[in-house]
Amino acid sequence: MTDPAHHDDRPTLVIKVGGNDLDDATFVAELARVVAAIRPLPVLVHGGGKEIGILQETLGSTPRFVGGLRYTDATALTAAEMVLCGSVSTRLVAALIAAGADALGISGVDRGLIRVVKQEHPAGDLGRVGRPTAVRGEVLRDLLDHGVIPVIAPIALGPDGPYNVNADEAAGAVAAALGVSEAVFVTNVPGVLVKGDVMRYLTRSEIERLIADGTISGGMIPKVRAALTALDAGVHAARITNLEGLLNQGTTIITEREPHE
(Lines of atoms letter the chains of each structure in order from A and count residues from 1; the text may use other names and numbers.)
(Lines give C-alpha, C1' and ligand atoms only; values in the text may rest on other atoms or scores of the structure.)
Protein backbone atom coordinates (compact mmCIF):
# COMPACT_ATOMS: atom_id res chain seq x y z
CA MET A 1 0.00 0.00 0.00
CA THR A 2 1.01 3.61 -0.50
CA ASP A 3 2.46 5.20 2.62
CA PRO A 4 -0.28 7.53 3.92
CA ALA A 5 2.41 9.80 5.31
CA HIS A 6 3.76 10.46 1.82
CA HIS A 7 2.48 13.92 0.99
CA ASP A 8 3.47 16.29 -1.77
CA ASP A 9 2.23 19.87 -1.91
CA ARG A 10 2.59 20.05 -5.68
CA PRO A 11 -0.66 19.87 -7.66
CA THR A 12 -1.62 16.33 -8.54
CA LEU A 13 -2.51 14.84 -11.92
CA VAL A 14 -6.06 14.04 -13.03
CA ILE A 15 -6.23 11.08 -15.41
CA LYS A 16 -9.34 10.21 -17.38
CA VAL A 17 -9.50 6.75 -18.92
CA GLY A 18 -12.19 5.72 -21.38
CA GLY A 19 -14.42 2.75 -20.91
CA ASN A 20 -13.79 0.84 -24.11
CA ASP A 21 -10.52 -0.71 -22.89
CA LEU A 22 -11.60 -1.33 -19.30
CA ASP A 23 -12.86 -4.85 -20.00
CA ASP A 24 -9.33 -5.83 -21.08
CA ALA A 25 -7.56 -7.36 -18.08
CA THR A 26 -4.10 -6.73 -19.52
CA PHE A 27 -4.88 -3.06 -20.16
CA VAL A 28 -6.35 -2.59 -16.68
CA ALA A 29 -3.34 -4.22 -15.01
CA GLU A 30 -0.88 -2.05 -16.96
CA LEU A 31 -2.92 1.08 -16.31
CA ALA A 32 -2.93 0.29 -12.59
CA ARG A 33 0.83 -0.31 -12.60
CA VAL A 34 1.52 3.06 -14.24
CA VAL A 35 -1.00 5.01 -12.14
CA ALA A 36 0.14 3.43 -8.86
CA ALA A 37 3.71 4.66 -9.46
CA ILE A 38 2.83 8.31 -10.14
CA ARG A 39 3.84 10.89 -7.54
CA PRO A 40 2.20 13.01 -6.28
CA LEU A 41 -0.73 10.60 -6.18
CA PRO A 42 -3.15 11.14 -9.09
CA VAL A 43 -6.93 11.18 -9.32
CA LEU A 44 -8.49 8.70 -11.76
CA VAL A 45 -11.79 9.38 -13.55
CA HIS A 46 -13.20 6.55 -15.66
CA GLY A 47 -15.88 5.86 -18.25
CA GLY A 48 -17.85 2.70 -18.90
CA GLY A 49 -17.85 2.44 -22.68
CA LYS A 50 -19.36 -0.56 -24.42
CA GLU A 51 -20.20 -2.30 -21.14
CA ILE A 52 -22.93 0.27 -20.51
CA GLY A 53 -24.41 -0.34 -23.95
CA ILE A 54 -24.32 -4.11 -23.51
CA LEU A 55 -26.11 -3.93 -20.18
CA GLN A 56 -28.57 -1.38 -21.55
CA GLU A 57 -29.52 -3.81 -24.32
CA THR A 58 -29.87 -6.60 -21.76
CA LEU A 59 -32.32 -4.34 -19.90
CA GLY A 60 -34.33 -3.92 -23.11
CA SER A 61 -33.16 -0.51 -24.32
CA THR A 62 -31.21 0.44 -27.45
CA PRO A 63 -28.21 2.73 -26.85
CA ARG A 64 -28.09 5.93 -28.87
CA PHE A 65 -25.84 8.96 -28.97
CA VAL A 66 -26.47 12.65 -29.57
CA GLY A 67 -23.48 14.73 -30.64
CA GLY A 68 -21.06 12.06 -29.36
CA LEU A 69 -22.77 11.91 -25.93
CA ARG A 70 -24.87 9.00 -24.64
CA TYR A 71 -28.61 9.70 -24.53
CA THR A 72 -29.63 8.76 -21.00
CA ASP A 73 -33.20 7.71 -20.27
CA ALA A 74 -34.16 5.88 -17.06
CA THR A 75 -32.93 2.51 -18.34
CA ALA A 76 -29.66 3.95 -19.63
CA LEU A 77 -29.08 5.67 -16.29
CA THR A 78 -29.63 2.41 -14.43
CA ALA A 79 -27.15 0.67 -16.74
CA ALA A 80 -24.62 3.49 -16.33
CA GLU A 81 -24.90 3.39 -12.53
CA MET A 82 -24.47 -0.39 -12.42
CA VAL A 83 -21.45 -0.40 -14.72
CA LEU A 84 -19.70 2.80 -13.63
CA CYS A 85 -20.27 2.62 -9.88
CA GLY A 86 -20.23 -1.17 -9.81
CA SER A 87 -18.23 -3.42 -12.10
CA VAL A 88 -15.76 -0.91 -13.62
CA SER A 89 -15.04 0.92 -10.36
CA THR A 90 -14.49 -2.35 -8.51
CA ARG A 91 -12.23 -3.66 -11.28
CA LEU A 92 -10.03 -0.55 -11.26
CA VAL A 93 -9.77 -0.35 -7.48
CA ALA A 94 -8.86 -4.04 -7.26
CA ALA A 95 -6.16 -3.59 -9.91
CA LEU A 96 -4.69 -0.54 -8.18
CA ILE A 97 -4.54 -2.36 -4.85
CA ALA A 98 -2.90 -5.34 -6.57
CA ALA A 99 -0.33 -2.87 -7.98
CA GLY A 100 0.53 -1.70 -4.48
CA ALA A 101 -1.61 1.43 -4.27
CA ASP A 102 -4.38 2.35 -1.87
CA ALA A 103 -7.53 3.29 -3.76
CA LEU A 104 -11.18 4.10 -3.14
CA GLY A 105 -14.04 4.01 -5.63
CA ILE A 106 -16.34 7.02 -5.34
CA SER A 107 -19.07 8.45 -7.56
CA GLY A 108 -19.97 12.08 -8.07
CA VAL A 109 -23.07 11.46 -5.94
CA ASP A 110 -21.07 10.36 -2.88
CA ARG A 111 -20.70 13.29 -0.45
CA GLY A 112 -22.14 15.49 -3.21
CA LEU A 113 -18.73 15.34 -4.87
CA ILE A 114 -19.88 16.56 -8.29
CA ARG A 115 -22.97 18.74 -8.66
CA VAL A 116 -24.63 19.13 -12.05
CA VAL A 117 -27.51 20.70 -13.92
CA LYS A 118 -29.22 19.14 -16.92
CA GLN A 119 -27.02 19.56 -19.97
CA GLU A 120 -28.49 21.22 -23.03
CA HIS A 121 -27.08 20.29 -26.43
CA PRO A 122 -27.65 21.88 -29.85
CA ALA A 123 -27.97 18.42 -31.42
CA GLY A 124 -30.98 17.49 -29.27
CA ASP A 125 -32.20 16.36 -25.87
CA LEU A 126 -29.70 14.20 -23.96
CA GLY A 127 -32.07 12.98 -21.25
CA ARG A 128 -30.51 12.67 -17.79
CA VAL A 129 -27.08 13.92 -18.78
CA GLY A 130 -25.58 16.50 -16.46
CA ARG A 131 -23.20 19.42 -16.87
CA PRO A 132 -20.85 19.85 -13.89
CA THR A 133 -21.30 23.08 -11.95
CA ALA A 134 -19.35 22.38 -8.75
CA VAL A 135 -16.81 19.87 -7.43
CA ARG A 136 -15.95 19.42 -3.74
CA GLY A 137 -12.19 19.41 -4.17
CA GLU A 138 -11.66 19.08 -0.41
CA VAL A 139 -13.16 15.57 -0.49
CA LEU A 140 -10.50 14.47 -2.97
CA ARG A 141 -7.67 16.34 -1.23
CA ASP A 142 -8.52 14.57 2.01
CA LEU A 143 -8.21 11.18 0.32
CA LEU A 144 -4.94 12.16 -1.37
CA ASP A 145 -3.53 13.49 1.90
CA HIS A 146 -4.19 10.05 3.41
CA GLY A 147 -2.39 8.25 0.59
CA VAL A 148 -5.55 7.14 -1.21
CA ILE A 149 -6.08 7.36 -4.99
CA PRO A 150 -9.68 8.46 -5.71
CA VAL A 151 -11.29 6.44 -8.51
CA ILE A 152 -14.24 8.52 -9.69
CA ALA A 153 -17.31 7.16 -11.50
CA PRO A 154 -19.04 9.99 -13.44
CA ILE A 155 -22.51 9.66 -11.97
CA ALA A 156 -23.24 13.03 -10.36
CA LEU A 157 -25.88 14.74 -8.27
CA GLY A 158 -28.45 17.00 -9.90
CA PRO A 159 -31.32 18.95 -8.35
CA ASP A 160 -33.65 15.96 -8.80
CA GLY A 161 -31.31 13.01 -8.31
CA PRO A 162 -28.46 11.26 -10.14
CA TYR A 163 -27.33 12.21 -13.65
CA ASN A 164 -24.95 10.58 -16.08
CA VAL A 165 -21.97 12.81 -16.89
CA ASN A 166 -19.58 12.48 -19.80
CA ALA A 167 -16.39 11.23 -18.17
CA ASP A 168 -14.25 13.71 -20.12
CA GLU A 169 -16.29 16.61 -18.79
CA ALA A 170 -16.21 15.19 -15.27
CA ALA A 171 -12.42 14.92 -15.45
CA GLY A 172 -12.10 18.49 -16.69
CA ALA A 173 -14.27 19.75 -13.83
CA VAL A 174 -12.31 17.75 -11.24
CA ALA A 175 -9.01 18.99 -12.65
CA ALA A 176 -10.19 22.59 -12.51
CA ALA A 177 -11.46 22.23 -8.94
CA LEU A 178 -8.14 20.80 -7.77
CA GLY A 179 -6.00 23.29 -9.69
CA VAL A 180 -3.92 20.43 -11.04
CA SER A 181 -0.73 20.73 -13.03
CA GLU A 182 -2.15 18.65 -15.87
CA ALA A 183 -5.27 16.78 -16.94
CA VAL A 184 -4.59 13.74 -19.12
CA PHE A 185 -7.27 12.13 -21.27
CA VAL A 186 -6.27 8.53 -22.08
CA THR A 187 -7.80 7.19 -25.31
CA ASN A 188 -7.21 4.30 -27.71
CA VAL A 189 -5.22 6.57 -30.06
CA PRO A 190 -1.86 8.25 -29.37
CA GLY A 191 -3.30 11.77 -29.62
CA VAL A 192 -5.29 14.00 -31.95
CA LEU A 193 -4.53 12.79 -35.45
CA VAL A 194 -4.33 15.10 -38.45
CA LYS A 195 -3.69 13.30 -41.75
CA GLY A 196 -2.46 10.31 -39.76
CA ASP A 197 0.07 12.24 -37.69
CA VAL A 198 -0.18 13.00 -33.98
CA MET A 199 -0.29 16.73 -33.38
CA ARG A 200 2.12 17.62 -30.57
CA TYR A 201 0.27 20.85 -29.75
CA LEU A 202 -3.12 22.30 -30.69
CA THR A 203 -4.67 25.66 -29.82
CA ARG A 204 -8.33 26.51 -29.34
CA SER A 205 -8.64 28.11 -32.78
CA GLU A 206 -6.96 25.14 -34.44
CA ILE A 207 -9.29 22.73 -32.63
CA GLU A 208 -12.38 24.68 -33.71
CA ARG A 209 -11.17 24.63 -37.31
CA LEU A 210 -10.48 20.87 -37.20
CA ILE A 211 -13.94 20.22 -35.75
CA ALA A 212 -15.54 22.39 -38.44
CA ASP A 213 -13.81 20.54 -41.28
CA GLY A 214 -14.54 17.10 -39.80
CA THR A 215 -10.96 16.15 -38.92
CA ILE A 216 -11.94 15.98 -35.25
CA SER A 217 -15.25 14.13 -34.96
CA GLY A 218 -17.37 11.76 -32.87
CA GLY A 219 -16.09 10.85 -29.43
CA MET A 220 -12.95 12.97 -29.83
CA ILE A 221 -15.02 16.16 -29.76
CA PRO A 222 -15.99 15.88 -26.06
CA LYS A 223 -12.35 15.13 -25.25
CA VAL A 224 -10.94 18.26 -26.86
CA ARG A 225 -13.82 20.35 -25.51
CA ALA A 226 -13.17 19.01 -22.00
CA ALA A 227 -9.48 19.83 -22.42
CA LEU A 228 -10.36 23.40 -23.38
CA THR A 229 -12.77 23.69 -20.45
CA ALA A 230 -10.04 22.53 -18.10
CA LEU A 231 -7.71 25.23 -19.46
CA ASP A 232 -10.42 27.88 -19.12
CA ALA A 233 -10.83 26.93 -15.47
CA GLY A 234 -7.14 27.32 -14.73
CA VAL A 235 -5.59 23.90 -15.38
CA HIS A 236 -2.04 24.48 -16.59
CA ALA A 237 -2.10 21.88 -19.38
CA ALA A 238 -4.44 19.29 -20.89
CA ARG A 239 -3.14 16.34 -22.86
CA ILE A 240 -4.76 13.64 -25.02
CA THR A 241 -2.81 10.40 -25.39
CA ASN A 242 -2.93 6.62 -25.05
CA LEU A 243 -1.73 4.43 -22.18
CA GLU A 244 1.77 4.12 -23.63
CA GLY A 245 2.11 7.90 -23.73
CA LEU A 246 0.41 8.64 -20.41
CA LEU A 247 3.46 10.13 -18.71
CA ASN A 248 4.82 12.44 -21.40
CA GLN A 249 3.43 11.93 -24.93
CA GLY A 250 0.34 12.76 -26.99
CA THR A 251 -1.33 16.03 -27.99
CA THR A 252 -1.07 18.90 -25.52
CA ILE A 253 -3.88 21.45 -25.73
CA ILE A 254 -2.59 24.98 -25.22
CA THR A 255 -4.18 28.42 -25.10
CA GLU A 256 -2.04 29.89 -27.85
CA ARG A 257 1.24 29.18 -29.56
CA GLU A 258 4.44 30.98 -28.70
CA PRO A 259 5.76 33.10 -31.59
CA HIS A 260 8.55 30.61 -32.37
CA GLU A 261 6.22 27.60 -32.59
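Counting starts with 1 at the first residue shown.
For all residues, glycine too, the Cβ spot is worked out from N, Cα and C.
Here is what Swiss-Prot records for this protein:
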BINDING   Gly48, Gly49, Arg70, Asn164  substrate binding site
SITE      Lys16  site 'Transition state stabilizer'
SITE      Lys223  site 'Transition state stabilizer'
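Swiss-Prot feature annotations superimposed on the structure.
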residue: Lys16; record: site 'Transition state stabilizer'; Cβ within 10 Å: 30
residue: Gly48; record: substrate binding site; Cβ within 10 Å: 31
residue: Gly49; record: substrate binding site; Cβ within 10 Å: 22
residue: Arg70; record: substrate binding site; Cβ within 10 Å: 23
residue: Asn164; record: substrate binding site; Cβ within 10 Å: 30
residue: Lys223; record: site 'Transition state stabilizer'; Cβ within 10 Å: 28
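The CA atom of Lys223 (site 'Transition state stabilizer') is located 15 Å away from the CA atom of Gly48 (substrate binding site).
Compute the center of the Cβ atoms of Gly48, Gly49, Arg70, Asn164, which mark the site for substrate; besides them, the chain residues with Cβ within 8 Å of that center are Gly19, Gly47, Ile52, Gly53, Ala80, Val83, Leu84, Ala167.
Secondary structure at Lys223 (site 'Transition state stabilizer'), taken from DSSP and collapsed to helix, strand or coil, is helix.
Our reading of the substrate binding annotation (Gly48, Gly49, Arg70, Asn164) yields a largest Cα to Cα distance of 13 angstrom. According to DSSP, Gly48 (substrate binding site) is assigned to coil rather than to any helix or strand. In the three-state DSSP scheme, Lys16 (site 'Transition state stabilizer') is classed as strand.
Calculated from their C-alpha atoms, the gap between Gly48 (substrate binding site) and Lys16 (site 'Transition state stabilizer') amounts to 11 Å.
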